[in-house]
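Below is one structure; the comments refer to it alone.
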Amino acid sequence: MQGAAAAAISVSGASWSGAARGRAAAFSSSSSLGTRGALAAAPTLPLLRVRGGCRLRPLSLLFDSDRNGEIVARPAAAAAAAAASVPADDASAGARGEDAGAGGIAATAQLGAMIVAWYLLNIYFNIYNKQVLGALPLPLPYTITAFQLAFGSLLIFLMWATRLHPAPRISAAQLGNIAPLALGHMLGTVFTNMSLGKVAVSFTHTIKASEPFFTVLLSALFLGEVPSLPVLGSLVPIVGGVALASFTEVSFNWTGFWSAMASNLTNQSRNVLSKKLLAGDKDAMDDINLFSVITILSFLLSCPLMLFAEGIKFTPGYLQSTGLNLQELCVRAALAGFCFHGYQKLSYLILSRVSPVTHSVANCVKRVVVIVSSVIFFSTPISPVNALGTGAALGGVFLYSRLTRTKKPKNA
């Protein structure tokens, strides 16, 4: 969910399988989610009335929618023929050059549109998700997580059924390796929703900026990867910035704080496990199908947890008894589910087109955009010291991304 790299999700969750990235680009053009779908316009939603007389502001989905050789004597006829052929060859070469230039511009524009859609879907997911979690009498993070994963699973089955992307062939051994990753993905989403239900969106994302700290720690413990001193140094502004932001956060809540930290731990555990379990898989799936299988398994794992922790409370009868606008609540929950699945799918597609360094930078910028947009939309009070802490943490994330993605191969 909000929450992303060869073995890790590139700071927020971009890819779990390093062995599968090479094949992901071959399938990127056939994904079920295109940029047009992400930028499609939708009508302004009505006001959502909650208990106590509060109303949530309507949010419009309308987007304003980036051979030279020696000269020798030749017969006149041959010379004439050669002279006649040169302009044609030059013209065809020029045409090929123009086509290549046009193709490069089109590819760049498409990539830019995908990044914009990625950012917008992240923004709208956090806004809609926060509104739903805040409107419910109880946050119900397990139920909301199951609903979001169910919505994503439905889109995945539609993608496979319509052959927009080929369905994978999965062995029992592969399922056994993917199951722990799905468990980590599901728990990471639950903890993120739990944090969003307790604290401001901006604060949750500031805490989640400390993901690199958990990546370094878990990689050292389970993979034996010892970080360099510059990498360790990049963790200092991350940890210090998160601590500074936490001390000055108006909406600070210990449940929200530890839930976001638990989300970091589970998400990065998933990333480390993916590197350990899937690195030697010769029949590894492409990243799109790996993400799809993880989403479906996560939904199946979330159902018993939802029933055990919260029971079946997200029902029309229960919601009507609370006085909520049922139609509006369901619309926003569905939109949050669509944005949740959409931004993660776009993250995979973008990663298959750019280098891990570029993706890490774009992901860091995305987190800044999400924090700023949520502060503006929800009118979240931010003190100068709090802003300084958030900026330091995000700056550390950017530095960490550069240091860990610019390592040269040993054989180079």
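Every residue gets a Cβ built from N, Cα and C, even glycine.
For reference, TrEMBL has these:
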- 105-128: transmembrane segment (TRANSMEM)
- 110-401: domain 'Sugar phosphate transporter' (DOMAIN)
- 140-161: transmembrane segment (TRANSMEM)
- 181-201: transmembrane segment (TRANSMEM)
- 213-244: transmembrane segment (TRANSMEM)
- 288-308: transmembrane segment (TRANSMEM)
- 371-400: transmembrane segment (TRANSMEM)
Give me the stretch from 140-161, 181-201, 288-308, 371-400 with the greatest number of Cβ pairs under 8 Å to the transmembrane segment (213-244). 371-400
Hey, would you say the transmembrane segment (140-161) packs against the transmembrane segment (288-308), going by three or more CB pairs under 8 A that are 6+ residues apart? yes
Winner by Cβ pairs under 8 Å against the transmembrane segment (105-128), considering only 181-201, 288-308, 371-400: 371-400
Within the domain 'Sugar phosphate transporter' (110-401) only, compute the mean pLDDT. 86
